[in-house]
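Visitor: Pasting a structure here, questions to come.
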Amino acid sequence: MGFLFARSSGYSFVALALLACVLLAPCQAAKAGLSIKFYAKTCPGVDTIVRSVVAQAVAKEPRMGASIIRLFFHDCFVNGCDASILLDDTLTFTGEKNAGANINSVRGYEVIDAIKSQVEAACKGVVSCADIVALASRDAVNLLGGPTWNVQLGRKDSRTASGTAANANLPGPASSGASLVAAFAGKGLSAREMTALSGAHTVGRARCLMFRGRIYGEANINATFAAALRQTCPQSGGGDGNLAPFDDQTPDAFDNAYFKNLVAQRGLLHSDQELFNGGSQDALVRKYAGNAGMFAGDFAKAMVKMGGLMPAAGTPTEVRLNCRKVN
Ligand code: HEM
């Protein structure tokens, strides 16, 4: 920020502020009324509680860190970061948990519940479930060895959830590079931010069902990598739920190996390899593969920006007491 102002001293303050808004991710959050000090007076212990519960969960099962990171993405891409993904279905709506991209796939709901109950005991009715997911995903990245950042806070929780919106907004593993760029552009995120955020696939697991087409049908895949995956994922006769790590070198470390893998044609999903397949993101993938610090910085900024996605103005919201149901 100081750098930007010092270099641009010929412009008026307003012009500079607007320029900063375009260039700096936190501005989107600021526009949404978020602030890193939102709970400084009302729930000063929230950061410590979230970090300690996530740390316990990751110590017990490192994959849970990955699952929590994904939970944040799947929340934010469907009507904004409003904890809509956490709502159980009711008689009046079919929510997001059972949508195609989430059912039998998204995990971590119990960890969010555990955080919420400790946070409620410390400061009742103050901290939203949406903010808990944002904080928990930051901590998950960091606990797995990735960067950290200040989380913009002050989100509210939705009073409804939409399975239809989840199906429409969450990109699938068969997506082309162009459709990934378009899906993220639809959320105000650039191609560069999309590629940085995809680097989260340096941790976690995917089911055979999600990568079978790639390992039996595609040419741009490393032969040894494909042969090993075929052991886990039979071409026919079941095994849909069998898991493989996205990054078979350092499966639970949040590093830049995802990009090194793409350059080696070791992307697990079709959609992963689309980011390095002779298209618009190839040069950036090579940069991230060679520069872990550049990836870490871009990833952190893009997470803050994604975290600024808000429900449409006028949508009824609240601070839920139980993340699974409206008050
Ligand atoms: C670019 C478009 C994306 C597509 C097409 C995509 C697709 C997928 C798929 C198909 C899986 C495996 C699901 C299963 O096997 O049940 C998965 C897992 C995962 N995704 Fe993505 N994803 C994308 C972007 C992202 C982003 C932006 C993030 C986070 C910032 C993310 C984080 C994760 C993580 C961490 C996992 C592993 C979760 C676990 O092990 O529980 N993904 N993704």
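Any Cβ shown, glycine's included, is placed from N, Cα and C.
Pasting the feature list from TrEMBL:
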type     : residues                                 : note
BINDING  : Asp75, Val78, Gly80, Asp82, Ser84, Glu96 : Ca(2+) 1 binding site
BINDING  : Pro171                                   : substrate binding site
BINDING  : His201                                   : heme b binding site
BINDING  : Thr202, Asp247, Thr250, Asp255           : Ca(2+) 2 binding site
DISULFID : Cys43-Cys123                             : disulfide bond
DISULFID : Cys76-Cys81                              : disulfide bond
DISULFID : Cys129-Cys323                            : disulfide bond
DISULFID : Cys208-Cys233                            : disulfide bond
DOMAIN   : 33-327                                   : domain 'Plant heme peroxidase family profile'
SIGNAL   : 1-29                                     : signal peptide
SITE     : Arg70                                    : site 'Transition state stabilizer'
Visitor: To the nearest whole angstrom, what is the C-alpha distance linking Thr202 (Ca(2+) 2 binding site) and Arg70 (site 'Transition state stabilizer')?
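Guide: Rounded to the nearest whole number, the Cα-Cα distance is 12 Å.
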Visitor: Do any of the recorded positions Arg70, Gly80, Asp82, Pro171, Thr202 touch ligand 1, in the sense that the CB is under 6 Å from one of its atoms?
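Guide: If the test is a Cβ under 6 Å from any atom of ligand 1, the answer is Arg70, Pro171.
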Visitor: Within 8 Å of the Cβ centre of Thr202, Asp247, Thr250, Asp255, which other residues of the chain have their Cβ, at the recorded Ca(2+) 2 site?
Guide: Val203, Phe246, Gln249, Pro251, Asp252, Ala253, Phe254, Asn256, Ala257, Tyr258, Asn261
Visitor: Which value does the mean pLDDT take for the domain 'Plant heme peroxidase family profile' (33-327) in this predicted structure?
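Guide: Here the predicted model's pLDDT, averaged over the domain 'Plant heme peroxidase family profile' (33-327), is 97.
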Visitor: Below 8 Å Cβ to Cβ and six or more residues apart, same chain only. Which residues does that give for Cys81 (disulfide bond)?
Guide: Phe72, Asp75, Ala130, Val133, Ala134, Arg155, Met306, Gly307, Gly308, Leu309, Met310
Visitor: Which chain neighbours of the Ca(2+) 1 site, leaving out Asp75, Val78, Gly80, Asp82, Ser84, Glu96, have a Cβ atom within 8 Å of the mean position of the site's Cβ atoms?
Guide: His74, Cys76, Phe77, Asn79, Cys81, Ala83, Ile85, Ala130, Ser158, Ala161, Ala165, Ala166, Pro311
Visitor: Please compare the binding-site residues Gly80, Pro171 by how many other CB atoms fall within 10 Å of each one's CB, and tell me which has the fewest.
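Guide: Comparing Cβ neighbours within 10 Å for the binding-site residues Gly80, Pro171, Pro171 has the fewest.
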Visitor: Cβ distance under 8 Å to Cys43 (disulfide bond), same chain, sequence separation 6 or more: which residues?
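Guide: Set apart from Cys43 (disulfide bond) by at least 6 residues yet with Cβ under 8 Å, we have Val119, Ala122, Cys123, Val126, Val127.
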Visitor: So for Asp247 (Ca(2+) 2 binding site), how many other CB atoms are inside 10 Å of its CB?
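Guide: There are 22 such Cβ atoms around Asp247 (Ca(2+) 2 binding site).
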Visitor: If you count other CB atoms within 10 A of each CB, which of Arg70, His201 wins among these recorded positions?
Guide: His201
